[in-house]
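To keep things clear, I will list the structure first and then write my remarks on it.
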Amino acid sequence: MTLRFIASSKLPTPWATFTMHGFEETSSGQEHVALTLGSFADQQPVLARIHSECLTGDALFSLRCDCGFQLQEALKRIAAEKRGALFYLRQEGRGIGLLNKIRAYHLQDQGADTVEANERLGFAADQRDYSMLQPMLEHLGIQSVRLMTNNPRKLKALEGYGLTVADRVPLTTGRNPFNEDYLSTKASKLGHLMQATDFEPFTPHHPDARRQP
Ligand SMILES: Nc1nc2c(ncn2[C@@H]2O[C@H](COP(=O)(O)OP(=O)(O)OP(=O)(O)O)[C@@H](O)[C@H]2O)c(=O)[nH]1
Ligand SMILES: [Zn+2]
């Protein structure tokens, strides 16, 4: 995939001031962002997160998934190391888009799991394409990563582009009464490398939290 670097700026967050790099896919105009901290000149493996857009979890505080929790945790860990990179990829809903994700949530409200819902809508369980990462990593001078993920597909994708995944760092945060089934389905049907016992218990401030299955 060809991607154009557009501009960089500072991005202060509660944990650190990152540098934000904006990119545009030349064929589709799709926009992606990377947040970086520190220097990568020494070529040592970079603590990295590949985060797929989830408007509901990342911006609207949804408890249906673990995305918002993972996003915060990844930025906190990068800040603690004073070095790292977060790639915020605009592949909402595992690549089906926001409105189709809402359609999929509607089916899940009626009992389908996250994979069945995608399939009933005529989509694959996971439609994501990670090829924009190759030019983004090259632009930033990153060749080797310690990747914060539970998703083996991300490891395979990076290795397929000739990058080194020096380590996988589990990211098990945000399990709550509303996303238990979703996380179980990710482990059983999508191959995510995690178990319920890996997660810290967490009860959100929600009046129905204790009544959820
Ligand atoms: N189609 C669909 N997409 C979802 C659903 N829940 C979350 N997503 C999207 O899934 C993506 C996040 O994927 P996850 O499978 O949670 O996690 P991951 O990024 O593959 O793996 P980790 O690196 O371990 O977090 C985001 O793009 C979300 O918008 C859902 O029920 N249906
Ligand atoms: Zn999400």
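Any Cβ shown, glycine's included, is placed from N, Cα and C.
Note that the structure is a prediction, hence the values are computed from the model and not measured.
What TrEMBL records for Asp126 is active site, proton acceptor. The Cβ of Asp126 (active site, proton acceptor) lies under 8 Å from the Cβ of Arg94, Gly95, Asn118, Arg153, Leu190, each on the same chain and at least six residues away in sequence.
The DSSP secondary structure for Arg128 (active site, nucleophile) is coil. Taken from TrEMBL, the feature active site, nucleophile applies to Arg128.
DSSP assigns Glu92 (GTP binding site) to a helix. In sequence order, Ser52, Glu53, Cys54, Leu55, Leu98, Lys101 are the residues near Glu92 (GTP binding site), counting only same-chain partners six or more apart with C-beta under 8 A. Positions annotated as GTP binding site by TrEMBL: Arg49, Ile50, His51, Ser52, Glu53, Gln70, Glu92, Gly93, Arg94, Thr114, Thr149, Lys154.
Per TrEMBL, the feature Zn(2+) binding site maps to Cys54, Cys65, Cys67. Taking a C-beta cut-off of under 8 angstroms and a sequence separation of 6 or more, Cys65 (Zn(2+) binding site) has the following same-chain neighbours: Cys54, Thr56, Gly57, Asn179, Tyr182.
Annotation comment: TrEMBL describes 7-170 as domain 'GTP cyclohydrolase II'.
Cβ-based neighbour count (10 Å, all protein chains) for Glu53 (GTP binding site) stands at 22. Secondary structure at Thr149 (GTP binding site), as computed by DSSP, is coil. Rounded to a whole number, the C-alpha distance linking Thr149 (GTP binding site) with Cys67 (Zn(2+) binding site) is 11 angstrom.
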